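Just below is one structure, and these are the notes that go with it.
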Amino acid sequence: LTFPLLSVALLVSFGSSMLYGYNLAVVNSPAAHIKDFYNTTWSRRYGHGLAPHPLTLLYSLTVSIFALGGLVGSLLVGALVERYGRNGALSRSALLVLVAGGFMGFSRELGSPEMVIVGRCITGLHSGRVCLGCGAVQGPFLMAQSPMAHSQGAGEDFIFPMATGSNLRGFLGLMPSIFICLGVFLAQVLGLPELLGEDRFWPLFLSVVVIPASLQLLLLHCFPESPRYLLIERNDVCGATKALCRFLGTPDVQDVIKEMKEEQRSLSSVEMVSVWQLLQDRSVRWQTLSVVVVNVGMQLSGIDAIWFYTNTIFENAGIPVSQIPYTTVGTGAIEVIAGLIGCFTIEKLGRRPLIITGFCAMGICSAGITISLLLQTALPWMRYLSVACVVGIIAGFCMGPAGVPFLMTAELFTQSHRPAAYIVGGSLNWLCNFTVGFIFPFLQMSAGAFCYLVFCGICLLVALYVYFIVPETKNKTFMEISHIFA
C-alpha cells in the first residue's frame, strides 16, 4: 500500500464518507434547539406556535430530506463522472457542500427554517454523488487503485493484477465505512454542551461540513485522475501511465497498461444492461434479489433511527438528560472500533460471517431495547441495558452490514450488469433511509417500546436469507458465484 494510494484513499474518504456520517448524526444533538427555532419562527410569522404533531412532521422532514437529496444525487452521478472524471466529480460535489453550509449557517440570522431544509437536501445530493452507498464515485475511485485482477470478480474499477501486491479489495472497500463511523463520532463530540451543543451554536454545528469539503477541494488536485478512467474512458495512455507510476511507486507499469488495453477492447463489445433489463434477466435473478434484500435490510435494520434520534432513545430509556451527550459519544467511540475490526478482518473471515453476525447482533439488541423499556419502571437498572443494546446495534452494524453489501454488489455481477445493480441497490438504500428518518418518530409515538421489534424481525430475516442463499464471494470469480447461485 503505497503512500500516494493511502493518501488519496484517506483524502477521498475524509471529504466524502466522513461528511456522510457527520450529516447522519448532526441533527441528533441540536434537535430541541432546531424545533424551538421552527416554533419561534412560525409564531413570529403567523402569530401562533406549531402544535406538537406538525412540529414533529416538520422536523422529521428536516432529518429525512437528506436521503431524498441522496437519491437524486445517486441517479445523476453517472453523467457527472462521464463528463468530468472522478476527480472532477468529487470537486464539483464538494462545491455543493459549501453552498449547503451557507444555507444552514445563515438560516437563523435570516429567520428561515426553509434554508435548513434546503441545506440538508443539498448535503444529501453531495452524499448521493460521492458516497460508497451509491457505488458511483468514491468506492470505485478508491478500489480503482487497489491491486487485484478482473478474474476475481471485482468491481468495475479494479485494475491491477494480483501479482502486483496483496489483495486489498476488502480493506479499501470497507474504508469508507470507517470514515462514516468517524463522521458520526465527530458529530457526537462537537454536539457536547462544552463545544457546539448550545442553542446559539446549532447553525455553526450544521455548517461545519464546509471544512472537510474545502480541504478536499484544495488537495484533490494534487493527485492524478483514476488510471482506469484515463485509459479506458479517455484513451489517455500517457496520463494513465503517469498516474499508475505515482500510485504504485514504480516505473514498471507496462503489464498493467497492457491489461487495461485488453479490458478496453473487451468492454467495447459489452452492452450495458438497463435497470429494467436487469430485473427481467433470469440468469441473475438471485443475485438481484440478494442486492435488494441486503440493501433494504441494511437501512431498515434500525441503524438510521439510532443515528438520527440517539438522544431521544436514551431519554425514553430513562438516562438522565445531563448524561445523554456523553453516553452518545461513548457509543460513537465503540462504533469506530467495531468498524476497524470489520475492516481488518474481512479478508480473513470473509463477507458472509461478518454480515450474518452483524444482522443477528442487531436483531437481538433491538429486542433487548424493547425488553428494557418495558421493565425499566420496575427495574431501574434496565436503562443501562438499553445503552448496551444501542451499543450492540451500532457495533454489529459497523462490523459487517455497514460496508459489505456495497462490496458484494460489485462481486455478484459482471461489468455489463454492475452499473444497473448499483442503481437498484443505491436507490433502495436512499429510499429506505428516508422512510426510517421520516416515520420513526411517529412509529415511536404509536407503538412505544414495541417499535424496535420491527427492526428485530427485519434483521433476523435478512440474516437467515444471507445464511441460506448468499454464497461467500471472497476470492471467487463471477462464474463460480453464478454456479453456486444456480
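For all residues, glycine too, the Cβ spot is worked out from N, Cα and C.
Just so you know, TrEMBL annotations are computer predictions that nobody has curated.
What TrEMBL says about this one:
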type     : residues : note
DOMAIN   : 9-474    : domain 'Major facilitator superfamily (MFS) profile'
TRANSMEM : 58-81    : transmembrane segment
TRANSMEM : 171-190  : transmembrane segment
TRANSMEM : 202-223  : transmembrane segment
TRANSMEM : 289-309  : transmembrane segment
TRANSMEM : 324-346  : transmembrane segment
TRANSMEM : 353-375  : transmembrane segment
TRANSMEM : 381-408  : transmembrane segment
TRANSMEM : 420-443  : transmembrane segment
TRANSMEM : 449-470  : transmembrane segment
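Taking every listed stretch (202-223, 324-346, 420-443) in turn, the largest tally of C-beta pairs under 8 A with the transmembrane segment (449-470) is reached by 420-443. With a cut-off of 8 Å between Cβ atoms, the residues of this chain six or more beyond the transmembrane segment (353-375) that come close are 294, 297, 301-303, 313, 316-317, 342, 345-346, 382-383, 385-386, 388-390, 392-393, 395-402, 404-405, 408, 448-450, 452-453, 455-460, 462-463, 466-467.
Only residues 6 or more beyond the boundaries of the transmembrane segment (289-309), in the same chain, are considered here, and those with a CB under 8 A from a CB of the stretch are 24-25, 27-28, 31, 63, 184, 355, 359, 362, 366, 390, 393-394, 397, 401-402, 404-405, 408-409, 412, 421, 424-426, 428-429, 432-433, 435-437, 440-441, 444, 452, 454-455, 458-459, 461-462, 465-466, 469-470. Beyond the ends of the transmembrane segment (420-443), by six or more residues, the same chain brings 56, 59-61, 63-68, 70-71, 74-75, 128, 133-136, 272-275, 277-279, 287-288, 291-292, 295-296, 298-300, 302, 304-305, 308-309, 312, 405-406, 409-410, 412-413, 451, 454 to within a C-beta distance below 8 angstroms of the stretch. Outside the transmembrane segment (202-223) by six or more residues, the chain places 4, 7-8, 11-12, 14-16, 18-19, 22-23, 26-27, 29-30, 33-34, 37, 87, 90-91, 94-95, 97-98, 100-102, 104-109, 116, 119, 123, 126, 190-191, 196 with a CB less than 8 A from a CB of the stretch.
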